[in-house]
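J.: Shown below is the structure under consideration.
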Amino acid sequence: MFCHTRGIRQIVKNGKLFLATLAAVLGPLSFGFVLGYSSPAIPELSTITDPRLRLDDDEASWFGSIVTIGAAIGGLLGGWMVDKIGRKLSLMFCSLPYIFGFTIVIAAQNVWMLYLGRVLTGLASGVTSLVVPLYISEIAHERVRGTMGSCVQLMVVTGIMGAYIAGMFLDWRWLAICCSIPPTIMMVFMCFMPETPRFLLSQGKRREAEEAVRFLRGPDAPAEWECARIEDASDDQGGSLGMADLKDPGVYKPLGVGIMLMLFQQLTGINAIMFYAETIFEEAHFKNSNVATVVVAAIQVVFTAVAALVMDRAGRKLLLILSGVSMCLSTAAFGVYFKLSSETHGNSSGLCLVESPFAENPAVGLSWLALASMGFFITGFSLGWGPIPWLVMSEIFPSRVKGFASSVCVLTNWGSAFIITKTFQDLMDLLTNAGTFWLFSGCCALNIVFTILFVPETKGKTLEQIQTQFKGTPE
């Protein structure tokens, strides 16, 4: 018992585990740069003197949103890659479309080259959003898996903030060069990192798996015992995926949870809040919109870091519930803000409502209501519904269906993100601003109920224990 406790202590403290995680999360950092790139680049490309590269409003909209199409395709591709070539090689290969995509943007001579570059970087982002959570969940010890898994979202928002800050000083071409640096470093660093023990064991490479465990846990770690535990669980789960597996509660239950988590994440209204962020800051007398976007990104970074620090203490479920309550109240307050603003201006048409809250200066109190609601919302999202769906996705699936199930979840996330982003304006025309945000508030209330009823607590459990919990068999 003493030796086992000492082994656990070494597992958690071994520095090479954190080094492997650092190398992997350079992928999400690259992903964040992709998402953040459009914000400083679009205003410049909309006013550029070269008519071949100048974006009109419709082209600018596609320049921003086409990344989600590439990411949805990348999610499907990533699901195939992780099962065929492994987690490590998938990460190394996904750095290539990042680099090629930004190279095409740098060399762009027309709008279509800009689109192609964005699609390629989106493709890489989709692969990254699937592979990195899986890689980290399979190398991390259960005591620190929550903290390490939360670093995925932390690095995404750090990348977004980095792109915003760099965009204040660099033009769009130099910004693209800057954005290509993290994936280049990731490809080099991953050369020296191990494949995950679970994938190696699935390929019958027991000796390599034990070496990977010793690298990740330290030379005195019980590598044989850990590999045997993983093999026993794999034997219980069976071989490859078949249609009959969709009737297995150990497959369809986590798949349903994963899909709904991704769908609810997009239905929180995060894109709507970010859509109004600059205007809300202007109404609160923050006139420099560049600084405003950096402030919003900084709030996300700070509270996502807080979530990472408390994830393995508070647990996933509690943070999801608190996050849902925070977003439910803040989006409801946003609806009240838009309703009171529209009444102030005596305008009830849906189309005009998009402009009316900001057409003239509303009461100062209303402006600060919007600002407080936005801050409360972003804080809540960053603490729970930002990082946790990706973390839980990486924890709940049996090995034989991880590639397929994770790709379905990623496709759901990016597909719904594209649909919601592109139809957001139509939704506001139909329901008015207030009605749209109250709809988001209702969705947040539903995600609270869903979390309480269906999302399992995975804190402190091995991946095998989590999968056993879904099957309803004794651990």
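The backbone N, Cα and C atoms fix where each Cβ goes, glycine too.
Remember, TrEMBL labels are computer predictions, not curated facts.
The feature domain 'Major facilitator superfamily (MFS) profile' is assigned by TrEMBL to 16-459. Annotated transmembrane segment per TrEMBL: 60-82, 89-109, 115-136, 148-166, 172-193, 255-277, 289-311, 318-338, 366-392, 404-424, 436-455, in sequence order.
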J.: Quick one: average pLDDT across the domain 'Major facilitator superfamily (MFS) profile' (16-459), no decimals.
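T.: 85, rounded to a whole number.
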J.: Can you tell me which of 148-166, 172-193, 255-277, 404-424, 436-455 gets the most C-beta pairs within less than 8 Å of the transmembrane segment (60-82)?
T.: 404-424
J.: Let me check one thing: do the transmembrane segment (89-109) and the transmembrane segment (172-193) come into contact, meaning three or more Cβ pairs under 8 Å with sequence separation of at least 6?
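T.: These two segments touch.
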